[in-house]
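Asker: Mind having a look at this structure? Questions to follow.
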């Protein structure tokens, strides 16, 4: 093996060792899934809401199919407001990737005081949505409704 190849191989190995020690970045989406579990006391996973109605999950359009879907519409609007805050205006990330601090105690969610302005705003958006989800009726027919009824969300 040529010495240049050994140098490249050594560089790759060192890079991989360094990368393995980098802890994963906590994300607002991870926090939101935990708040959902907290508010509904583990009765439903965040995955149950990922493709529900016209507004739960990525994007959103049309008219909400029910109260639960309306919770998602309000959450989308809240994040839209967060994106307009100077404190939440990040070049490549925005509020969806900003972690925040919170406490969960027997279904009660508290956004902690150590959050910066953007994290506090996002935490309150997610907290409000999680509580709304827990209080709304889940209709299995509205899960993946955009696939079942193609034109429902236009």
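Glycine is no exception: its Cβ is also placed from the backbone N, Cα and C atoms.
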Asker: Among 48, 67, 76, which residue does Swiss-Prot name as a further Ca(2+) binder in the site formed by 55, 57, 59?
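Answerer: Only hit among 48, 67, 76 in Swiss-Prot's Ca(2+) site, alongside 55, 57, 59: 76.
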Asker: Taking 8 Å from the centroid of the Cβ atoms of 55, 57, 59, 76 as the cut-off, which other residues in that chain fall inside it around the Ca(2+) site?
Answerer: 54, 56, 58, 60, 61, 72, 73
Asker: Tell me the Cβ neighbour count for residue 71 (disulfide bond), meaning other Cβ atoms within 10 Å of its Cβ, over all protein chains shown.
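Answerer: If we count other Cβ atoms within 10 Å of residue 71 (disulfide bond), we arrive at 25.
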Asker: Let me know how many other Cβ atoms fall within 10 Å of the Cβ of residue 88 (disulfide bond).
Answerer: 21
Asker: For the recorded positions 76, 126, which Cβ has the most other Cβ atoms within 10 Å, all shown protein chains included?
Answerer: 126
Asker: Using residue 72 (disulfide bond) as the reference point, find which of the recorded positions 55, 57, 59, 126 has the shortest Cα-to-Cα distance to it.
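Answerer: Nearest by Cα distance to residue 72 (disulfide bond): 55.
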Asker: Only counting partners 6 or more residues apart, tell me which same-chain residues put their Cβ under 8 Å from the Cβ of residue 54 (disulfide bond).
Answerer: 60, 61, 62, 63, 64, 65, 69, 73, 145, 146, 152, 153
